[in-house]
Every structure is written in structure tokens, then in C-alpha cells.
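Marked as substrate binding site by TrEMBL: Arg23, Asp82, Glu83, Ser84, Lys124, Gly138, Asp139, His217, Ser218. Marked as Fe cation binding site by TrEMBL: His95, His120, Asp121, His191, His217, Asp250.
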Amino acid sequence: MIDPSQLLRPEPTFNDKPIQAYRDYTIDDTDPIKERVRRTYYEMHTKMTVDLAKEKREKWLKFNHFKATVKEALIRLNEVVDESDPDLDLPNIVHAFQTAERIRQDHPNDDWFHLIGLIHDLGKVMALYGEPQWCVVGDTFAVGCKWADAIVYGPESFKDNPDTYNPKYNTPHGMYKPHCGLDNLMISWSHDEYLYQFLKHNKSTLPEKGLVMIRYHSFYPWHSGGEYRQLTNEKDEETLKYVTEFNKYDLYTKSEKIPDIEALWPYYEKLIEKYIPGVCEW
């Protein structure tokens, strides 16, 4: 399963990749990675409507698709390469350990944070159970209101989305009340919301600040683009601090060396047992 988000190789060429070189979504139909990324996002932006977002929640939040431990699901991430990522052409489990180990280095006493780094993309297992990648990976955005300018490829990429022309949805507030808060927004369906709800359903004991890191880490138009401030509230400013702290590890660990995953498993198995043990419902 090839993922469009991939310049993120471990070769020496990328070792000193400057921050401004990440998340390069310029269109170049001669570059196969950029073209794959563009196709993924355009399909997402054409098909992700309010109705579809509701439909996917109805489908996946029954948690009746398979049963597995968190470790078993993480191992399955070896089969997923994110088609929306212009910075990485490696299996997701490699990025998972890269992220976790950098967090562990900077926050040695926050073991819950290490585990958040490891599992943050685990919702992408949906791609192994029939869900197309455009409905699993990539940046998220609010549906039911005007498309934000900071969304990747811009509002023009939504020209074939029927919600673009629906007066209930195409104003700055759309179907929401002013300052209703992030928790009351319907975000485009993706691995973020699925994993957040999975952890709630399976009674994880991870702290709430870790859960919101997962829930909103792909919500780039909000946490990095400054959008949706007409809809957010005071609580969301605190959430933004947590998500921003996590995001620097999610984004800028991708060109580092590949970690020794087998050697690291014993440590992370203990964290899984502590915070989300046993066989879970997915």
C-alpha cells in the first residue's frame, strides 16, 4: 500500500532536510510522489462531505471489525505506507518508533507521552480493512462549514464536493454555533478520530492531554494554519499547546535513522500493558 507522503527516506540526502522543506505540496505532475499526494487529497476533498463523515463514524465506531492487541496492530502498520505524506516513504511503524524515541529523549519521565508517539497513527489500520487511503490518511479539516483557506491545495480542491454549494454548510459558521469548541465540530473522517474513539471505547488510561494530541494531530488548518477561530473556545487554547508540542515530534523526526525496533519492543510492551492492555476491539 503506497502512501503519497514520502520524501522521508533514511538516505544521507535527507539527513539535513530543513524545516521549510517538509510538507511541500506544490504540484508537479512529473514527480510521482507529489502527484500521488495531490491525487489522494483531491479525491478526499471531493468525497468528504458531512454525510460521508457521519457514515464513516457509524461504520467504524461500532468496533466490530477485528480484535487484536495494540502490539499486533502496530506490527500490521508495516503494511501501510501513507499515500498523503510528501515526507515519508517508509512503513508507518518506522515513523511510529522514530516519533516515540524522540519524545522519550526529550521527556524521559512522561511514559504516557512515549506511548502516544508510538501509537498516534495506529488508526491507519483502517486501510487494511477496506477503507481507501483518502479516507484514512492526510490532514483533516472541519466539514459543515466553509472550507478553510489553509487546507492543503486550498478551497479550489473542493470544487467537485457537493457541500461546497450547500448554503447550510458554506458559510464561516456553517452548521455550528460561534465558539462551540473543537469537541463539537465534525472533523473529516480519518485515523485521528478513529484512534481517539478506539482508546475511549477500550478504556485506555492514557491522560486526556495525550488523547487530544491523537485526536487533533492531523488538524493542520487549525493548529498550524490558525483557522476556525470563530468556532474554537477557551478550552481549545489549552488543547493547542498539547497538540503543538506533539506535532514537532510527529513532523520533524521523519528523516532520522531507522530505530532498532526489535530492541525497543520490551520497553514499549510494558507501556502498552500499563495503559491499553489485552486484546482490544477495533
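Using N, Cα and C of the backbone, Cβ positions are placed for all residues, glycine too.
Keep in mind that what you see is a predicted model, and the values were worked out from it rather than measured.
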Residues close to Fe cation site centre defined by His95, His120, Asp121, His191, His217, Asp250, Cβ within 8 Å: Asn92, Ala96, Thr99, Asp192, Ile214, Ser218
Alpha-carbon distance [Asp139 (substrate binding site); His95 (Fe cation binding site)] in Å: 17
Length of the line joining the Cα atoms of His191 (Fe cation binding site) and Lys124 (substrate binding site), in Å: 5
Most crowded position, judged by CB atoms within 10 A, among His120, His191 as binding-site residues: His191
Pairwise CA distance, His120 (Fe cation binding site) versus Ser218 (substrate binding site), rounded so that it is a whole Å: 10
Whole-number Å value for how far Asp121 (Fe cation binding site) lies from Asp139 (substrate binding site) (Cα to Cα): 12
Distance, Ser218 (substrate binding site) to Asp121 (Fe cation binding site) (CA atoms, angstrom): 10
For His217 (Fe cation binding site): intrachain residues, at least 6 apart, with Cβ closer than 8 Å: His120, Asp192, His223, Val243, Phe246, Asn247, Asp250
